[in-house]
Structures are given as C-alpha cells and as structure tokens.
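J.: Feature table excerpt (Swiss-Prot):
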type	residues	note
COMPBIAS	1-34	compositional bias 'Basic and acidic residues'
REGION	1-45	region 'Disordered'
CARBOHYD	ASN10	N-linked glycosylation site
COMPBIAS	35-44	compositional bias 'Acidic residues'
CARBOHYD	ASN91	N-linked glycosylation site
TRANSMEM	94-114	transmembrane segment
TRANSMEM	132-152	transmembrane segment
TRANSMEM	158-178	transmembrane segment
TRANSMEM	186-206	transmembrane segment
TRANSMEM	214-234	transmembrane segment
TRANSMEM	247-267	transmembrane segment
TRANSMEM	323-343	transmembrane segment
TRANSMEM	353-373	transmembrane segment
TRANSMEM	385-405	transmembrane segment
TRANSMEM	414-434	transmembrane segment
TRANSMEM	449-471	transmembrane segment
TRANSMEM	524-544	transmembrane segment
REGION	564-585	region 'Disordered'
Amino acid sequence: MSEDHTKADNLSEKDPHSPERSDSSSHEDAHAREEEESSDDDGALDGKPASLIAIVMIALSLIGLQLAVFLSALDTTIVTVALPAISAHFNSTAAYTWVGSAYLLANAASTPIWGKLADIFGRKPMLLLANALFMIGSLVCALSINVGMLITARAIQGAAGGGLLTLVDTIIGDLFSLRTRGTYLGMIGGVWAIACALGPIVGGAFTSSVTWRWCFYINLPIDGLAFGIIFFFLKLKTPKTPILEGFAAIDWAGSFFIIGGTLMFLFGLQYGGITFPWDSATVICLLVFGVVCIVLFGLVEWKFARFPIIPLRLFQYRNNCGALLVAFFHSFVFTSAFYYLPLYFQAVKGATPILAGVYILPAVLSTGVSAAATGAFIGNTGNYLIPMYFGMSMMILGYGLLINFDAGSGWAKLIIYQLIAGIGNGPNFQAPLVALQTKIKQSDIATGTATFNFVRNIATAISVVAGQVLYQNQLKKMTSTLQQLGPAASLIAAGDAGANTQAINALPTPQRDLARSAIADALSPMWIMYTAFAAAGLFCILLVSKTELTTTHEVTEVGLEAQKKAEAERKAERQAKDLEKAQKS
C-alpha cells in the first residue's frame, strides 16, 4: 500500500478514539447505560446510586473475567510437569507431545472465530459458551480412559480457552477508554502470566501428591465460579440476533481455510524430523497445503467475505503490523521458559515434578509483577512504547543468560537469570494490544483483539514445536556419546528424555551425569534461538507509532444489524475516497 493511500486513509477516517466520537466521559457511565439496555434483569439493583452500582458491577465482573483468563492460561502449562506421569500411565510416549500440543493447536486455530461470533451474537453469550465448553473438556480430560480420549478433550479445552482470553480482552476494550484499559489489560496480562507460570507448580503438586487427573478436576469449581459471576454480574447489551440469520452471516469459507491451514501447518512442524523426516511426503504436503489454505483464507477475506474474520483493513497501518509482530516474537520467546525450564530442572537437575515447578518461581513472580506494573504505568502515563522497548531488551538479556545453564549451574545463577528473564516477559503481554487498538475503530475491537490473540497463539504453538525439534535434533547428533548409557541411550537420543526423566535419575552416577550434561548441552542452542527471536521483536517495535491515549469512552454496538451498519459506513468511506481520487485526477 502506498504512502499516499495510507495518508488518505488517515485523513478520511477520524481517530476512532477521539473525543468527538465519544459517547461517554467515563466507563462507569457507559457500563451503567449498558445495564439499562441489557436484557438481563437488573430489578434487584433498583434504588441504589448508579455510580455505586457501576463500581460494584465492574469489580465483580473483573473478578469473573480474571478467573476465566486464569483458567485458559493455567491449562496452557499445567500439564508440562505432569506429562511424564501421563505418558507412563497410558504407556505412550506420544502422549508427551500431543497432550500439550492438542491444547495449543486447537487454541490457535479457533481464536479468530470467537471475535466474529462475539460481534454477531454478543460478548456475554459467547463468553458463557466458551466457559461451558471449557468445563466439558476439563471433565472429559479428568475421566479419560485412553490417550485418544485425553487428546480429544484437550483439543476441546484449547478451542474454548482461545475464546476465553479473546473475549475477555474484547470486553475490557468495550468497557474502558484507551487510557484506562491499559491498567485493566495489564491486570489481565499479570493474571495470564502468573497462571501460565503457576501451571507447572500446580501440576507438579497434583502429580506428586494425588494424581495427574486433578490437573483437570481443579478447573471445574473455578470454571463454575467464573460462569456464575459472569452470568449474574457482567451486564452487557446482548443483541437479539436470530440464530439462523446469525450463522448465515458467519464467514464459513474463511473459517474453514484458517482452521484447516493452521492445523495442517502446525501438524507439519510437529511431525517434521521426529515422526517423519523433513523431506517426507507427509511433512511436505502438510506444510505446503497449510500455507496454500492460509493464502486462500486471505483471498476469501479480501474478495468474498461480507463480514471477514480477520479483515485486511487491520493491516493498513504500519503501527498495527508492528504491534502484531511484537506480539508474535514475545509469545514465541515467553512460551519457552514455562515449557522448557521445567524440563531442565527435571532432566538436568533431577527435580521432582513439584520441585520443578517451585524452581521456576523466580520467573513466575517477576513476570506477574512486571506485567501488572506495566498496566499501571500505561494507565498513569499513557505511554506504551517505553514498556515495549524495556521488556524486549530485558528478554534479550535474560534469555541470553539462560544459554549458560548447564548441569553444574549454581542457585545464584539459576535464580538471578530467571528474574531477569521474567522482568522482560511482563511488559509485552498487553502493551502491543494497546498499541494495536489505537489504530482500529471501536467496531473492530473484537476482530482486532481476536487477530492479536491468534498471532500470539500461533507463536506459542510454533515455539513449542520449534523448541522440541531443535532440542531433539541436537540429542540425535550426540548418539555416539550417548552410547555409553546403554539401553537409556536410545530413549535420550530419540528425544524422549522429558518422558523418561525417572529412567535418567535411576542411572548409575557416572552415566546419570553424562545424560544430564548431554541434555543441558542440547537445550543450549534452543535458548540461542529464543534470544535471537527476542532481538527480532525489539527491532519490530520501531514500526509502532506513538499515539496519545484518550480518556473518553465509546460504546461498542454489537449484533448483526450493527455489523451491517458498520459495513455500510466502510463502503461509504471507500466510495468517498474513490470520488476524491477521481476528482484529483
């Protein structure tokens, strides 16, 4: 897109967050007004001051939203230290890979759909649906009698989890002004970071003390509480969209191509070099057809979709592309710490599952604190660029230091390096989302947020696969050295060290030390890769522009009629631009 065209877009389209477009001077008033318009029964609240009602409802709603995000994030990592026990229970090393990957793959593939569903049917109904699906998936996981049943249930969890995070971020964007939402998005980011980091600790505690099934049972009461709070206290206007008409408006072709393309591409990465050689027909076909489907998805969104899942107009600004790239690289790097640090502590340091979770507490605490502090900083200053630069710089330093983790690393090094990496993790959970929302209309908040989280989820899934591939391929290069381990050599050389940590700990001391050193050496190139990706993310921040965050609020219209109205407005804008160009020529 040319620079002149971009300027024309900027001139013809007012800042969607400008005071002239604001419908309210405070989010409390907007929230109270939505209560009046909502189909929910608010009669029990009559007679109370509106401002007090708004404050109470917002506080309770935020608790419910944070619980929903906590669940989605917790299940991203809770199984990481439980995977060896799950693999042993089902006598399946494949479970070590697929129980974790099924959640991430489904999470990534489903995310774009939730944003458009929320636009058509409303935020609250879709959030409740995601909660219900997550509860069903959790129950089936806990009751699984074979690995196939468990993997399928994890996929259901993943699809629902993608909706939980996307819809919560969207609702925050609906309720608060740009300046204010930075604080609340920071809170959500802090909850997400802490839950991701607590996952291995909670999973390790259940695996060691009770059973791995409690990694899924624990979701049921939390999910039930979140569902109840959201149902009774989150007051949002729900459109009365006819079910059949609403489903007819969904971009089914785009949904098919984005889900199919995402899954095929990620399956190709998952299989490559492990299950099948990289040059095998299976891997090549999956990768090629996955890319083809994604290209076809772009074509459908551009030319055919009336209500696109990922509208291409989101990418017309350099700022938006930069924010999405920063989100991609941040997620790619952040994910590695909470997937592979537990592996390091179990396989190299000989820790039990619960201790592996405890040993990553320095990264847990520093990540959560820095994420929440970033939200407060953005809310107070309106500046989101400083946290982005600071966070990525600290990630480069922190993950670069992790390269030095070896079998003999002392506790001072293990703690300090994790603290630095964790401080770098926090700032870019939500700062790029704030940057993205400065250049999109309020009517595009849901699709923009869904696109943002889709990019993050794709990065997470690719990160886990890329780390596994690099780690396992490094171990294969050490086959001759590992032959000294006897029967255990084949397990480690095949990349199954994570699923066989107990076998490694049972080796005689000389062989055990050799195995642990080999695993640490295999992890080192992986940290080099993640450090390089953090550096790439730092450069991408240069694409992000500085925009003043407004303190005014605009109420988001949802429903099929609102979608039609927004589309008509965009069509009128395009026609006005074309007419202006014709007059100039």
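Note: Cβ is positioned from N, Cα and C throughout, glycine not excepted.
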J.: So if I measure Cβ to Cβ from ASN91 (N-linked glycosylation site) and keep only same-chain residues at least 6 apart in sequence, which ones fall under 8 Å?
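T.: Residues satisfying the criterion: none.
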J.: So if I exclude everything within five residues of the ends of the transmembrane segment (132-152), which remaining residues of that chain have a CB under 8 angstroms from its CBs? That is, six or more out.
T.: 71-72, 75, 86, 90, 92, 94-95, 98-99, 102, 158-161, 163-164, 213-217, 219-220, 223-224, 227
J.: Under 8 Å, at least 3 Cβ pairs, sequence separation 6 or more: does that hold for the transmembrane segment (449-471) versus the transmembrane segment (158-178)?
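T.: They are in contact.
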J.: Under 8 Å between C-beta atoms and at least six residues away from its ends: which parts of the chain pack against the transmembrane segment (385-405)?
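T.: Tertiary neighbours of the transmembrane segment (385-405) are 326, 329-330, 333-334, 336-337, 344, 348, 370, 374, 377-378, 413-414, 417-428, 431-432, 435, 520, 523-524, 527-528, 530-531, 534-535, 537-538, 541, 544, 546.
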J.: Which listed stretch (94-114, 214-234, 323-343, 414-434, 524-544) has the most C-beta pairs under 8 A with the transmembrane segment (353-373)?
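T.: Between the candidates 94-114, 214-234, 323-343, 414-434, 524-544, the best contact partner of the transmembrane segment (353-373) is 414-434.
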J.: State the residues, same chain only, that lie 6 or more residues beyond the ends of the transmembrane segment (158-178) and have a CB under 8 A from a CB inside it; answer 'none' if no residue qualifies.
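T.: Same-chain residues near the transmembrane segment (158-178) but 6 or more away: 17, 27, 30-31, 58, 61, 65-66, 68-69, 71-73, 75-76, 102-111, 114-115, 118, 123, 126-127, 129-134, 137, 184-185, 188, 192, 234, 236, 433-434, 437-438, 445-446, 449-450, 452-453, 457, 549-553, 555-556.
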J.: With Cβ distances under 8 Å as the criterion, find the stretch in 94-114, 186-206, 323-343, 524-544 that has the most pairs with the transmembrane segment (247-267).
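T.: That would be 94-114.
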J.: What kind of secondary structure is ASN91 (N-linked glycosylation site) part of, going by DSSP in three states?
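T.: Assignment for ASN91 (N-linked glycosylation site) reads coil.
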